[in-house]
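Note sheet for the following structure.
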Amino acid sequence: MMDDDTELRTDGNSLLKAVWLGRLRLTRLLLEGGAYINESNDKGETALMVACITKHVDQQSISKSKMVKYLLDNRADPNIQDKSGKTALIHACIRRAGGEVVSLLLENGADPSLEDRTGASALVYAINADDKDALKHLLDACKAKGKEVIIITTDKSSSGTKTTKQYLNVPPSPKVEDRQSPPLCTTPSDVELKTSGLASPPSEKDDDFFILQTGHQSGCSTSKVLNEPGSPTRKVSSLKRARLPQLKRLQSEPWGLIAPSVLAAATRQDETHGTSTDNEVIRSINDVTFPKRGPLSRTNSIDSKDPTLFPTVQEQVLKVSASTPASWKAAYEKGQAPHPRLARRGTLPLDQEKSGMCPPGPSTLKDPASLKLLENDLYDLDIQPVGDPPNSMSLESGKGPLDRKKLNSSHLSLFHGSRESLEVVPSTSPTSVRRRPPHLLERRGSGTLLLDRIAHTRPGFLPPLNVNLNPPIPDIRASSKPASPLASGLKSMAPVAPNSPKRVDLRSKKKLLRRHSMQIEQMKQLSDFEEIMA
């Protein structure tokens, strides 16, 4: 049969014939005469493959290893594959060419990871051929390239089930039970308890438990002690585990193991809480008391401060307004009469404004008409061509409700005020100084900004982050500069304390620019009106 295969393999190729016969001189003459060393037959087999396959031996033939070495020295390619995908290395492993031939092929660049059409490499064929010498050379070559090789083949046991055998420089185990080698010393977490027949009921079967180290109970003293019969702990744990069928594991699934410490914890919980009923559980839950959370307090609120140490602005305003001279009150009543009702352009409804005003104060401020005028003075922000906001005297005498109104709406400035709204813009025009009191609201597109000078500059309170940390403390009892030309015309009606020029300059620097566009005709009318009033 070998002769028939040889005739078919050589296919009239003299080089393949010479190699198969092992004629080294003839092979050298053919190669020196111009024969192609990698020429193949109809199966795709080259001269190097034929040298690995042939078993012809006679008096004139040379050894297989010498022929392979000569072909490799003459630049024969060891990684050429035939039509079935096999290389010269695979053929050498299949035909058991020996470790020397395999070593020569590997040294000259043969790739042990190349696979044929069936997906098997030279490693698989070496294992199937039981060629340990060739397998050793293959493993050494793979480790030299930084590859760890683990080859697993499947065989069938006597019962017909597939068993797994691992070949890694060690002979395969004859039995399935010998696959697991015992460790040097087992730990308590690696040992599964198994009780004697006295501790378990007769109805229980031995397959209810999974023994991790079968046949290796003499690994160390710990496993011996835990496997002694008669221990009450083992009896209880075995009974509890018998009630848990979901903890059964197959012998072929060691990754499904559960540590005995987990089972012991479950056993202790069952012993402790086995007699408790649902009512007891509900009672225990009801008996648990949770600490009550105190009411949330605003860190920015001045009401959270100690009133004995830091009096609030409301109390200070009440004291000042209660001690207001009678001449100021009379001037306020006289000054409110000639003022026309200005257009209402507030941002809050009327009900909220009324609720925001605090009634305590001087008896003069309890008049409904004066409250109405104060509300209009506070929320009428845009200057009309025919009138201006009331004079500083009326605003000064009504500081109590105004400051309380500022405190009630101070949160609006926290949410809607931007850093741009608190920028200090110096005002050089005297009309802007007279037109705008320092404590009025300013209308912005995003909301209402409250410039609360008194609340932010009183000693004992933390100033806001975006306000000057060292502003001058204004005197509440001192009147500011008149806010409008109408107020300048009423100077003769009531005595007004003279203002300090320094204070006027400081307040004028703190003014915010009014975002109000006026036509040229309105500006002319306003200038004419100021000249008439002057």
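Cβ atoms are placed via backbone N, Cα and C, with glycine included.
When Ser61, Ser301, Ser394 are looked up in Swiss-Prot, the one carrying the note phosphoserine is Ser301; the rest have no such note there, which does not rule it out for them. Checked against Swiss-Prot, the residues Ser446, Ser508, Ser517, Ser527 yield a single entry marked phosphoserine: Ser446. Segment annotation: Swiss-Prot labels region 'Disordered' over residues 480-503 (candidates 24-47, 72-95, 456-479, 480-503). Residue counts of the repeat 'ANK 4' (118-147) by helix, strand and coil are 20 helix, 1 strand, 9 coil (DSSP-based). In the predicted model, residues of the repeat 'ANK 3' (84-114) average a pLDDT of 93.
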